[in-house]
Structures are given as structure tokens and as C-alpha cells.
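Engineer: Would you mind keeping the following structure in view while I ask a few things?
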């Protein structure tokens, strides 16, 4: 026999990941819409509420959950600060609402006055209970209604106001609560960030190793292009032992800089530095601090690469050999992915008997850079490290730094990528690079944005990386670079680009592999930062449109549209009255003509009236009416970004808005 019980049952609370085992994700300013099935035997009325608090606060915030249909109730709350929010559903039998419903039927059924008076007395008794728990103002109103009931005023018993007062203050009869669920709230940049990756050693106009002070001189250009996160590959000393040469050659020449991912090497004074040191040729930690300060002054966040692996020259190798794998002969095992061998790095053994000290030290790597102004990180291959480590590490870090944003670089199996997101990674690389047809992109978009994955997995679309130059970019050249950039920047609300080779349309692959020739991972390159033929103006315009249109700053409203052409993809996004439709050609060689089919009613557009279609990308204005609209895209113009709104509002309103934005 149970010690306590309730007639009320709460089930199917959503959103909840794996029954509430993992938090859902939101960004600051977003809504959490909660639904629950709430049942009671018989015909009693229910009161259902959503109870929410930030984990750092004791105060709970309560909102009603109205009945929707079929015993389902719905409510919502907005998250306004980074960190953890806790929410639960509670419900109880609303005895006054039950009484009021029955009383209304008695009145409408014409029951005799004596019965009505008797029922009013019962209703007054319920209000008495509510008045005992009400503050003074509400108690006075309840007392006035009690007097009206006692005087036989049936009309006073039927109002919504008295029902709400009773619901708010009456004892919660047979109350029960759901389990408590968690929302992790990210800073806004986790939802809207535009990442720009570059190698700081390659910013000079000659082939000499640059400093971070010289790299900082490039930051205004990146800011002018509309990016808000500057991502640097590892900036640490690079090992000399088994250093890789150009294009991953097994041996390096005396002047080859090596791969930044071979972390751990010699500092200017001859000592060894690792994950908490800056390469001496970059200028040391002082230069890094100046770089961060310059970035922050420009409104840019700095993201650092965290790669938990060590070159043979890393101080950990001498100080903690127990943290690494050993061969039978006692030597340290280097990294391998047969048949590939990476002799310039040693993988870390997370299962070492000394794992508590190892884990604490690796967590302190993040803490060191947080102390130097960095709260955004990209983690290299997190899927090759234990899930338990990431769950512990990320949660510990966020106790003191809730604004932390961590991007998972895990090109691996979908379930593994999703699990890393559940563990606490804010963003993740995706398969976007390999989705190159409208059908493939639409199917992938539906999976990411319209399934349960959208509650916790935030995709970050990258058209290229230092490791990946897809054949589509090679074959499609400049048109493909433009179309893939528009797709990345508008289909997802957060995206990134490995900047210099992308904006300069570098299409030279190494040995016909999906990799850049003369890869910057292994050598210093020079770029013409002022090249008038680069994609810089195009990229800047797309980023400006992202910043000006709230619809492009989220993914939940995306809807794929029919174009009646196999090489055209179209989708809409909406936020309030900001309605955007993007159309992109995936044929970089030919002109494509199609018909954009708009679901007028679903998009909130007038069925029988004209509306404005402003192509923001090319500043062209059209007046449309109806559902079908002619499209023609070409290699020179492979994309449209339309803003749709009632005719007569676009040109004047947004000309004024644009003047304000760019003043």
C-alpha cells in the first residue's frame, strides 16, 4: 500500500530528452514550450502549472498551463540568462472550478432557487478556504464574492475573475508534480555565431612567421565582413621531434613550421611549453592577451582550438609518462589510424590509473584560457575521448562560466555526434559538407531541425575546413563557393568558414583527395588580403543580411519549399513579421529556371492581394501575387535572399531601417 497517492496523473512531459536524463538546449531570449498529459478520474476540473527557476536562484516562477485538447496542457517560459533552468509540471484538482462547472449547469438547467442557494453556500465554503491563503487585496475580493454568494447572487458565481482568484489561492487538493527537467541556456552566440578560422602565423605579406600582434591587424577586416567569432587553430609551441613537413610529409626541413596540432615544444628560454603556452614566434602570452583585447574592442569573440594530444616534446611526456600508452618495450605509443601513422603526436590514455589527476589537469587547460578572456572553444576529435570525461568537465566548467561555448569537431557516426551534444557541447560540426543535392539537404535539414534532435543538437555548418576541400567546391569554383556560403549562413543560424582559402576560391586539392594542396596545417602561406576579386564583399553582404533579419538567426521555423527544378533548393524562415525565403542553385555551370511555390496561407501572406518580394542579396524589388513565382538563377547569381511582406511596406520602411543600421 502506498504511503501517499494522488488521483491526478502527469505524463508525457515534453520536451524531455531520454525521459529527462539530459537537458534540452536554448539560447538567451528563446522560449521553451512545454506540454504535458494531465489526467484525473471522473469529471473533476484540473489546475495545471509550469514551475520554473534558474538553478542559481531559489525563487520559482509559476505560469498557468491552459488545456489544449485531449487532456493535453501547454505552457511556455522565456530563458533570459545563461546557465541551467529547472522546470516541472504540477497539477491538482481544482475544486472551485469543478463546483463552478456543475453550478452553471444547474442554473442553465433551471433548478429551483432552494437548490441554487444550497449550492451557493457550498461555493462560499470553497472561497473561504481560498481567502485564508490570499493576500489582503485578493482576500477583500474573495470576501465580497462570499457575501454575494450568501445573498443568493448566482451571477457572481459564474465569472472568470472569481474562478482565477480561487485557483490561485485555494489549497491544492490532491496535488502531484512531474519529475524536474533541465534546460541548458547558452549565450546568444551559440545560436547565431558566424565563425571565421585563420592561421595567425600566415597573415604577413611574405612567408615569414607572423606574430599575434600582426594577426590582430587583420581583425578589423574580419569584423567588417560581419563575422563575430575568430577561431584560431592551436597557438601552442609545436614539437620538433618527428615534425611533419609540407602536405603531411613524414619528415620536415629545418625551416618547416610543423603542424599546430602537434602540441608541445620549446619556448624562447629553452624550456618546454604545452597547452598553457603560446608559441614563441607568435609572441607569447602577452601578445595573445593583446590580441584578445583588440578582438573584444571590435566586438569579436576569440575561439581557441583544444586538442588533447601531445608531441614527444610536450612537458607532460617527461612529467607524467603514466598519462600515455606504452609499447611492450616501454616506449610511448604514437597516434595511429591504420594504415595512417602520426608519429608527431602521442594520444592520451584516459584510462590510466592516475586518471583523476589527468582529468583535473585537462580541465585546467580550459580554465587557464578562460582566465585570459576566452570563453569559446573548438574541441578536436572529442569522440575519441571518454564520454564520462566530457560530461564531468563541461558541467564543472559551466558552474563558474555559464557563458561557455564549445564546438564539437566530431565527424563520426550520428548517434555519437548526438550523444556529445547531450553531454554538453553547444555546437557541432555536421555532414553539411557532404550534402550536395536539394533532396539530400532537405532530408538532412528535416532531421536536424524538425526532430527531437533540435532540442539539444545545434548544428554548425562549415563549407570547408583545413582538413576538407570537397569536390563540389573544386568542380564548381566561384559559383559553388557562393552557393555553399549562402546555404551555410542561412540554412543554419550558426556557421563557420575556413576563411582565406575560401574567400580566395582556392580549389587546389592534394593528390585528388578532399584536402587542400599546400595545406596551411603544415606550412606558412601568404594571402592577398586586399584582392578585389575575392569573395569578401559577397560574404560581408550575406553576414549583414543575417544580422539585420531575425528570421535568419534561428532554425526552428525553417520550411522547405518546392522549386519545380531538381537543382534548386528553397526554404523559408520566419521570426515575428520578418519572413525570409532563400533560393539557391546547386548547379554551378548552368542557368536554372524554376517556379517557387509558396504556401501562402501557412506563411501568412495575402491570398488575393499583391505582396512585396525584396531580393536583399541583389537589392531587387518585385511585386508578387499568388503561389507560383518564376525563378532564374545562374552561375553569376546562384542565390536569392527574399524578404516578403505586404506590398507598399518594404521599400520605404526598410530604406529607413537600412539607413539607421548603417549610419
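First residue shown is number 1, and so on along the chain.
Placed from the backbone N, Cα and C atoms, the Cβ positions cover glycine too.
Pasting the feature list from Swiss-Prot:
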ACT_SITE  380  active site, nucleophile
ACT_SITE  409  active site, proton donor
BINDING   244, 309, 344, 381, 521, 522  alpha-maltose 1-phosphate binding site
REGION    238-266  region 'Disordered'
SITE      467  site 'Transition state stabilizer'
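Neighbours and distances for these, please.
Structural biologist: Taking Cβ-Cβ distances under 8 Å and a sequence separation of 6 or more, the neighbours of residue 380 (active site, nucleophile) in its chain are 261, 305, 306, 307, 308, 309, 409.
The Cβ neighbour count for residue 409 (active site, proton donor), using a 10 Å radius and every protein chain shown, is 22.
Within 10 Å of the C-beta atom of residue 244 (alpha-maltose 1-phosphate binding site) sit 25 other C-beta atoms, taking all shown protein chains into account.
Same-chain residues lying 6 or more positions outside the region 'Disordered' (238-266) and placing a CB less than 8 Å from one of its CB atoms are 199, 201, 209, 272-275, 279-280, 305, 307, 309-317, 334, 343-345, 380, 510, 517-519, 521-524.
Within the same chain, residues at least six positions away from residue 467 (site 'Transition state stabilizer') with a Cβ under 8 Å of its Cβ are 515, 521.
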Engineer: Counting only residues 6+ away in sequence within the same chain, which have a CB under 8 Å from the CB of residue 381 (alpha-maltose 1-phosphate binding site)?
Structural biologist: 307, 409, 410
Engineer: Could you put numbers on the helix, strand and coil content of the region 'Disordered' (238-266), residue by residue per DSSP?
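Structural biologist: With helix first, then strand, then coil, the region 'Disordered' (238-266) has 3 helix, 6 strand, 20 coil.
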Engineer: For a quick check of understanding: given the listed alpha-maltose 1-phosphate-binding residues 244, 309, 344, 381, 521, 522, what is the maximum Cα-Cα distance in angstrom, as an integer?
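Structural biologist: Looking at 244, 309, 344, 381, 521, 522 as a set, their Cα atoms extend up to 20 Å apart.
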Engineer: Restricting to the same chain and to sequence separations of six or more, state which residues have a Cβ under 8 Å from that of residue 344 (alpha-maltose 1-phosphate binding site).
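Structural biologist: Spatial neighbours, sequence-distant, of residue 344 (alpha-maltose 1-phosphate binding site): 239, 241, 242, 243, 244, 258, 259, 262, 311, 312, 334.
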Engineer: Around residue 522 (alpha-maltose 1-phosphate binding site), which residues of its chain at least 6 apart sit with Cβ under 8 Å of its Cβ?
Structural biologist: 244, 245, 246, 247, 248, 249, 256, 257, 258, 259
Engineer: Using a 10 angstroms cut-off on Cβ to Cβ distances, just flag whichever of 309, 521 is the loneliest among these binding-site residues.
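Structural biologist: Least crowded of the binding-site residues 309, 521, by Cβ count within 10 Å, is 521.
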